[in-house]
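Listed in TrEMBL:
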- B:255-292: coiled coil (COILED)
- B:401-415: compositional bias 'Low complexity' (COMPBIAS)
- B:211-264: domain 'HAMP' (DOMAIN)
- B:292-344: domain 'HAMP' (DOMAIN)
- B:349-578: domain 'Methyl-accepting transducer' (DOMAIN)
- B:391-415: region 'Disordered' (REGION)
- B:598-622: region 'Disordered' (REGION)
- B:12-34: transmembrane segment (TRANSMEM)
- B:189-209: transmembrane segment (TRANSMEM)
């Protein structure tokens, strides 16, 4: 029963989907701390191209990463409708700049399909799975490598 | 005698002027003498006045002397009063005398002397004595002076001077009296002698004038009486005189000559009366012979004239008359011959007239028919004109209406322009409102976005809460959906507003285009209005022209009527001419001519033709015209008149 329940729990995953260009991506809702509207970032010296800078989140300074640049797309053009998804990395909080937060979707585990094996490992680690829904395909991003590398770089 | 040259009036005037001049001379002389006497009298009075004052003068001197002497004797000063009074009187009298004798220097000198002596006496004697008398010690001294006779000597000299003055004055008196007497005597003599002379001259002149005028008049009167009695042998006197008597004498002479001429004429008349009696017998005999020849000629002439009166133009007198009367016969024969010739020519002419009358009749007939045609054509013209007039009038009215309509269209387009601009404004307002709405929608969109974010956050929180947050997650989902719906609604509204703004813009463009089109229409309407106005003007001008044409047609109508009347008259005249020609033929036919009796058959034949009751072509034309114009009563009446 417990396993069933667990299975059942496993089976339903809540995700936050967002747009980058024409493509739709998503992250696990459990990794999200909060979502907030776009505010201009204070840029940091010698930061890599995908790090936009830092913002003040209720007294806490957190870095903001341009996800588009991070995953190899042209840089996002931030507007009023852009949003920053704050990811909770244990102790640290990192903001992800996305073009628009589109939806909060509950998907089944079975909807998740593995990423095809066409990329090197380091690259492939960014996309955890592909959510294949009837109307659209969503790339399920793993925030840990996205953010972790960044943090490492920052730390370095 | 020279006197007779002057007029009687002049003679009388000279006479009386002479007498009046003499009288005036006498009167002047007497007047001058009287003036002299009066003047002398005036001077006498003056002299008496001088003498009076002279007496006063001497009396005053005496008084002074008496006063002084009385004082010397008595020593009483009261005796001096005459002296004081006399001194004043003397001065006064002397002064008066000097004044009134100022014209005589000799007398003045004498008076001065008297005055000087009196003064000497008074200062040297009288005053000294009076002064000495006042002092009792010197009384005797004063009396001695008096006794010495110095005063008396002065007084005597004074009296002598005074006497000289008086004498001179008196001598003036005497000389004046002599002058007065002389003047008086001269005046008397002048009056007496002058009067006598005037009487003498007047008598002489009166006698001369009476003889010169009166006797001449009476002798002329005698001559006239004789002339009146028939005595023409008398001589008329005074005819050479230059005065009125001379003129009278000349007139009497004219009378005399007239009487002599009258006598002569009477005598000549008597002589003429006696001459005629002798010749009468000779003349009687000659006349008897003459009468016989004359009778014969008269008989022959009477016979010829008798034949002529019967119409026989072949009559001639062949037997010659006496030499003096034969001309009558020849003239008669020639006259008859000429008459015959003339009549035969007349006959020929009458035939020609007949022929011409026939031609005229034909011409008049064709004229009549043409006049008829003309009248019909005129009628048609008149009808056409009426139609044209009404057409022009209606076109004029249409043009008027069109003008009104054009004006209305213009005002409508003007008001449309305003509507267009209003519409443009309204569109602008719609745009503004759309902008406002867009702003609001933006706000709503923003709110929806924020709400969405909030709902997402709520969802995140709910997910993190796990099982406990399930219900909240549902609510958050609902809110998120609402937010999305409102966002999408806002987006739709935004699109709609964008569309409507575009529509409004295109609407504004369209409305502007409409406005421009309307302005063009207004301009064209104005052009149309101008054209219509010129059409109306043209119609008016046409109307005027038509009126003129109407008038012309009316005149033509009148002329046609007159022509018809003339045709009628001409027909009548042609008939009369024909009948007159017939009459002439009949008259000429009464004469017998050398070529036989003149034919009367031809005119009769002509008459037969004309006698047929042919309807006058003019009349028939007129009846037709009358029918044609039967609509117009006035015209009908006028035609009736014809």
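Think of each number as a place in line: the chain as shown, counted from 1.
Each residue, glycine too, has its Cβ placed from N, Cα and C.
Keep in mind the model is a prediction, meaning the values are calculated, not measured.
Look at the domain 'HAMP' (B:211-264): DSSP puts its residues at 40 helix, 0 strand, 14 coil. Distant neighbours of the coiled coil (B:255-292): 224, 227, 230, 232, 234, 236; these residues of the same chain sit at least 6 beyond its ends, with a Cβ under 8 Å from one of its Cβ atoms. Beyond the region 'Disordered' (B:391-415), the same-chain residues lying 6 or more positions past its ends with a Cβ under 8 Å from any Cβ of the stretch are 518-519, 521-522, 525-526, 528-529, 532-533, 535-536, 539-540, 542-543, 546. Residue counts of the compositional bias 'Low complexity' (B:401-415) by helix, strand and coil are 15 helix, 0 strand, 0 coil (DSSP-based). Here the domain 'HAMP' (B:292-344) has, by DSSP, the following mix of helix, strand and coil residues: 37 helix, 1 strand, 15 coil.
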